[in-house]
Amino acid sequence: MKPISLIQFLIEERRAGHINAELTLLIEVVARACKRIAVATNKGAIGGVLGEAGTGNIQGEAQKKLDVISNEILLEANAWGGQLAACASEEMEDPQPIPDMYPKGNHLLLFDPLDGSSNIDVNISVGTIFSVLRCPDGISEPKAEHFLQPGATQLAAGYVVYGPATVLVLTFGYGTHEFTLDREVGSFTLSRRGIRIPEETAEFAINMSNQRHWEAPMQRYIGELLAGKDGPRGKDFNMRWVASMVADVHRIITRGGVFFYPLDAKIKSKGGKLRLMYEANPMAWIVEQAGGAATTGRERILDLQPAGLHQRVPVFLGSKNEVDVATHYHLQADNAQY
Ligand code: AFP
């Protein structure tokens, strides 16, 4: 079968009325920027891109050099692209306006420029996560409040994994699709169309070192998985944890599984670990469009009304049946019907 390039796929989606011309170009610009980030990450130590940048971000985290480089690549590419009214990043406190010298568009772009950056120096897969929203009508200088739209209103969501292969996964609300970077040609090529996540799974991902801090329903749920076939679930479960959400989610998109970053006593005051606008929302939509589910343990993530640009939430996502069981245990504990 003749390979289908990303631009060909986007033009097909446009002809099908799933996306418009502006969104087609915007995704092309983001994909091109991610190709440049792939080149930078692949260089590793010989590119001088490893290690700390010596600066901190709005999350109070020490920035890695590649956090800063990836952020700048995405900002620069999208400044002149012409499709955006503004963008927002995990690495910046406030939204970034489009410089006046460039034409503006009516889209808002949010991104985590390099997810899993604590894994960079040890050469484990990292990635970029992005989400596209519509800029509210009549708003020429978008502020943070204009980005606070529920995940269900996203126009596009995607991530790129910089691993053994560089892979882009994308949704516009018409299924979830995967593209692999053909380094010889320099373009993303469709490698899987209409991905489906199996509803059943025997593989879970969670940072077990936080177990003592978890809520009781999470202790119960994971306890039952660990009890295996002799326990109430009657089957054995295996565990994986990469500590790069993009890599853990890509494994689930590829072979099923369930991923948790629950609320725990350590992060309760922050509302969770993962960021709603540029981690949870895009990943939730990608997973749902592939037949999976995504909740906070109590609510569907895509229905949440965001309260802040850098808001954190608990995340349960992946194979539907396991997300349902874990969510049911939390609501049961809260005496609410799921
Ligand atoms: P960094 O980007 O700071 O490495 O954080 C990665 C992340 O946001 C997400 O990708 C992982 O799932 C999660 O944090 C890992 O958290 P732990 O370090 O607590 O395992």
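Backbone N, Cα and C define each Cβ position, glycine as well.
Where the annotation comes from TrEMBL, it is an automatic prediction and has not been curated.
It should be emphasised that the depicted structure is a prediction, and the values quoted were computed from it without experimental measurement.
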Per TrEMBL, member of ASN207, ASN321, ASN335 binding substrate alongside ASP115, GLY116, SER117, SER118, LYS273: ASN207
Residue among GLU12, GLU224, GLU279, GLU288 sharing the Mg(2+) 2 site, where TrEMBL lists ASP112, ASP115 as binders: GLU279
Further Mg(2+) 1 ligand in TrEMBL, beside ASP112, LEU114, within candidate set GLU90, GLU141, GLU145: GLU90
Candidates SER118, ASN207, LYS273, GLU279 (binding-site residues) with Cα within 10 Å of ASP112 (Mg(2+) 1 binding site): GLU279
Residues satisfying Cβ distance under 8 Å from GLU279 (Mg(2+) 2 binding site), sequence separation of at least 6: GLU90, ASP112, ASP115, ILE129, MET245, VAL315
Rounded inter-Cα distance in Å - LYS273 (substrate binding site), LEU114 (Mg(2+) 1 binding site): 16
Output field, Mg(2+) 2 shell: CB within 8 Å of site CB centroid, site ASP112, ASP115, GLU279 dropped: GLU90, PHE111, GLY116, GLY127, THR128, ILE129, TYR159, MET245, VAL246, LEU274, ARG275, TYR278
